[in-house]
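What TrEMBL says about this protein:
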- TYR52: active site, proton donor (ACT_SITE)
- HIS110: substrate binding site (BINDING)
- 20-267: domain 'NADP-dependent oxidoreductase' (DOMAIN)
- LYS77: site 'Lowers pKa of active site Tyr' (SITE)
Amino acid sequence: MNHIQDRIPLANGTAIPCVGFGTWKTPASQAAASVAAALAAGYRHIDTATAYHNEQAVGEAVAASGIPRGALFLTTKLWNPDQGYRSTLAACDRSLCALGTDYVDLYLIHWPHDPKYFDNWQEVNLETWRAFEALYQAGKVRAIGLSNFRPRHIENILRSCTVKPMVDQIEFHPGMAQQETVSFCRTHGMAVEGWSPLGSGRIFQVPEIQAMSEKYGRSVAQLCLRWALQHDVIPLPKSVTPARIAENARLFDFSLDEADMRTLDALTGCGWSGLDPDHLVY
Ligand SMILES: NC(=O)c1ccc[n+]([C@@H]2O[C@H](COP(=O)([O-])OP(=O)(O)OC[C@H]3O[C@@H](n4cnc5c(N)ncnc54)[C@H](OP(=O)(O)O)[C@@H]3O)[C@@H](O)[C@H]2O)c1
């Protein structure tokens, strides 16, 4: 990858820009401005979700940008209480309406298991996936995937699906490399997206990365994002600050050497969100 708009092929023949722009915790009041800043800085891939309550503002920024729809890649996610066949179809329509578009490029099941809403996660995930396949066949979503699914959650889908998931979006940053899930995805032809690539801001005080930042003359954020790219993981940095949004896009004029990649791979215990797909209650 040499440019933020370069795309990685997905298993169904579509392709996804190698860096996305995150919008979790971006209030609707700031989402349009931050997405506009991201598009101006060159991002073409925007990551939102029903649960972020900012789909409408994201859609407004996209429309106002004047960038042709085909040059953009929009992802949204099905929220936990909407899992199930009919409720998924209805939730997708609500998201498309809020975003002001007749298709999204990627639709994800946000979490595999939320005991607050259901305990039979295997069955519910399969019903939801059946609806994802229907939405895909109808052209309302150009690619379908998962988020926060570990191998056993993915295996449950693979056993019965007619369309295989194309993506898994998981927490991914130094200290949280999730090797087992990443290699499972590779084996099954799924692209991996990395959420909280900056540990939601928790990664900035890690001394090993700070020392590396001085060596490369790049920020801690840039090093973490570059580390994800060199692992062929699509990072989704979030910021509402225009200078940081631009900084996080400047990732293609340096690379981490092998030894430093291994140093970052070996970090443990930093940056974790505390969120666990098997013990989530939202
Ligand atoms: N699928 C899921 O379950 C899931 C879960 C979490 C996140 N996500 C996705 O992944 C995206 C990114 O994760 P995240 O929002 O947790 O955060 P992140 O990108 O890891 O970190 C964002 C935080 O770092 C700050 N920041 C950003 N760039 C910086 C820079 N260059 N220098 C210093 N500080 C910087 C931001 O501050 P300011 O905004 O104040 O500038 C914000 O506080 C989300 O927005 C969402 O799209 C998905």
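Cβ atoms here come from the backbone N, Cα and C positions, even for glycine.
Mapped onto this structure are the features recorded in TrEMBL.
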residue : record                               : Cβ neighbours (10 Å)
TYR52   : active site, proton donor            : 22
LYS77   : site 'Lowers pKa of active site Tyr' : 27
HIS110  : substrate binding site               : 21
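Averaged across the domain 'NADP-dependent oxidoreductase' (20-267), pLDDT for the predicted model comes to 97. Cα to Cα, LYS77 (site 'Lowers pKa of active site Tyr') and the residue listed as 'substrate binding site' are separated by 5 Å. In this structure, the C-alpha atom of HIS110 (substrate binding site) lies 11 angstrom from that of the residue listed as 'active site, proton donor'.
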